[in-house]
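Notes to accompany the following structure.
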């Protein structure tokens, strides 16, 4: 069909167009093309009645839902030039007949098939037009006149009739529904072919009216001829060939070929160009090289090129002139002269439901309910288009509601329930529950029925609001895990309680202040968990931190459980024979009233007492945070009141800072034995008191000396167990990052390891503050604190290095202090309540003793400044300090501190 090899020539301009892109366009369809395609499908033959009608209906329904308007073209009387082609087609389809082919030029059978299709188009309301001759000629006429946007046909003759856009290879598969598009503008711009050239190709290559064309001429020679003409009309060249004799050809002047340079391809030799230059290259010497495709502009090359082109044209001319009737003016007139006219205006009508039921039942044997179901989509689409354009009447379908939203082929749609239209047939089984449902595009339905869409959107919002109200609030108001992690990352909790083992402590986690939480809960919770009632031994920083942040109950329970498990394990290593020998137990009157508790039972009773206390505290802790702030704030106020009593008695003539520090000093020095307090009075002057110095450091040093004197071998026995738990701290004096509070916490734990001595364990509250603030506020004092702490560690090293069983290693000394602290926790806990009551009975005496100790310790600090290394200086200064103050040994006594204080109060 059409021009031979035309689609192969037009292949470079083919475009792949999805059917969705045809939406909104009007397409002229060659009806005979679709009928022939349906008849060639072998699977439909015999299994489907009237396959051409079924194929036509479903294609129309598919394209109509895509908003593609169709105009079908009916074949007219074929021209006589096509009689030979029609006869051969009929013979191939229906077999040979006895009549002559020249007498049978009509399409009686094919026209009867087309009439059935036209009857269906009338039932569907689709317009169709009658062509005068060929259907493709009418399609081209409609396209050229602007009545349609393109022509849907596989016949290439459409371009020869004047069509501008042709759609070919209509495909309706689910994966890729598309058509191939060819436009006349792209053919002319890319291939250089216009309508005259295409008609000339039809004559040379062959078409329906001239099946053989010019024998011996193929598409390559024909295209080369068109290129030789350079835009000249091919049909005019045919007429010129006909006017002149076919055997005559213009004689070209023969010129002699000159020698050409191998470098520039110009006449002359390379040596000549090297000496004299090239005239065509416009050079005095040498010449310019050119590529292989360069054509020399000399006279011989021009004549040679013309000769070659003329040979191609002469060859085609000879073959064309040999054909009888060339240049076939009848064929040229068939393509160029228009015979078609538009008789009636193209109009679309509403599908007729009753007429369609009758037609499909008669021709296709469709049941009425099936025909109504298939036609409903076309009815709703037509009514929506009319309402969108502003035309409304009572016959239009009315939607009941929007069932739900759908997505079809990537397009947002609504599932619509419609009212039953007139003459709509239903299946017998559907009378009970019947609903007319279709899926329509959201944009089109909203434009046609905006009020229905508004109601649906309102109902959707109401349902969404009800669902949100039904959501119950979470019963558990605990923060989310992400919030807890963010909360803990800004927290700095520094527990310095003496009874907590550093390695197993669960309180060394950072806590940041939160303004929304009560500030008294942490302080009170820790005090209620760790301290017995009426314990006066508080850290100095409790007076500065009036309130702390709440601590998670889970952390408190975890810490308490670890303490119970740790305290329940017996520590047999503390009963060392060397330690007992150094205590001089033979000189003690065991029958007297000097000891309130038996030393033999002290270690065993501690673990049970501590375990019972911790378990009682854990049982009192609720699961939430409702009652904790009030309970804990009461405990904090009780301890703060005891501290204020000490400060109020000696506040005359002293600044608030000095007054506060002096009260702290009393709390720190009251833990020292009587020997150490008298020892510090006699060894240091009274006029070097500096309140800014860490007063806890002096008490730590003094108690440590007592600890070392009584537990030398006991410390050595624990060197090989807990060393990994304590990190070494070898920082120099210039370190500004090491915090004094942390060093005090680590060193002060050592001081409680005095066996069989009644000394209160000082429980320090948590220093809760931001890390940067804590570092900035304590930089000035941290330098002095760091040096003193390191010096005190050296004292412990000096004492233990003298033992035969211990090695002079600083790490072992630190390990020893850890075990000393751990062993002292067990037998000192039972004296919390008893010793705490008597300590605050004489605040004035303790304050005076503290002032003397501070002045004395400042002198020792000045002596240590001459040593560059902190460890060596602390060792030497302590040894000199011991030698010069042997006078205080006369006050040595084996009695515990509590009994000595008791005797002193009686004497005064």
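Just so it is clear, glycine is given a Cβ too, placed from its N, Cα and C backbone atoms.
Quick look at what Swiss-Prot annotates:
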REGION    2-96  region 'XPG-N domain'
BINDING   30, 75, 134, 136  Mg(2+) 1 binding site
REGION    122-208  region 'XPG-I domain'
BINDING   155, 157, 208  Mg(2+) 2 binding site
REGION    208-384  region '5'-3' exonuclease domain'
REGION    390-464  region 'Chromodomain'
MOD_RES   801  phosphoserine
MOD_RES   802  phosphoserine
>> According to DSSP, does residue 30 (Mg(2+) 1 binding site) sit in a helix, a strand, or coil?
In response: strand
> How long is the line from the C-alpha of residue 30 (Mg(2+) 1 binding site) to the C-alpha of residue 155 (Mg(2+) 2 binding site), rounded to the nearest angstrom?
Replying inline: 9
> Where among the binding-site residues 30, 75, 134, 136, 208 do you find the Cβ with the fewest other Cβ atoms within 10 Å?
Replying inline: 75
> Per DSSP, how many helix, strand and coil residues does the region 'XPG-I domain' (122-208) have?
Replying inline: 36 helix, 19 strand, 32 coil
>> Considering Cα atoms only, can you say which of 75, 134, 136 is the nearest neighbour of residue 155 (Mg(2+) 2 binding site) among these binding-site residues?
In response: 136
> How do the residues of the region 'Chromodomain' (390-464) split into helix, strand and coil according to DSSP?
Replying inline: 25 helix, 24 strand, 26 coil
> Can you tell me the mean pLDDT for the region 'Chromodomain' (390-464)?
Replying inline: 90
> residue 208 (Mg(2+) 2 binding site) to residue 134 (Mg(2+) 1 binding site): how many Å between their Cα atoms?
Replying inline: 11
>> Per DSSP, what is the helix/strand/coil residue tally across the region 'XPG-N domain' (2-96)?
In response: 50 helix, 15 strand, 30 coil
>> Using the Cβ center of 30, 75, 134, 136 as the Mg(2+) 1 site position, which other residues in that chain lie within 8 Å, going by their Cβ?
In response: 32, 33, 73, 131, 135, 137, 138, 139, 153, 155
> Using Cα coordinates, what distance in whole Å links residue 136 (Mg(2+) 1 binding site) and residue 157 (Mg(2+) 2 binding site)?
Replying inline: 7
>> Please give me the CB contact count at 10 A for residue 155 (Mg(2+) 2 binding site), counting all chains in the structure.
In response: 26
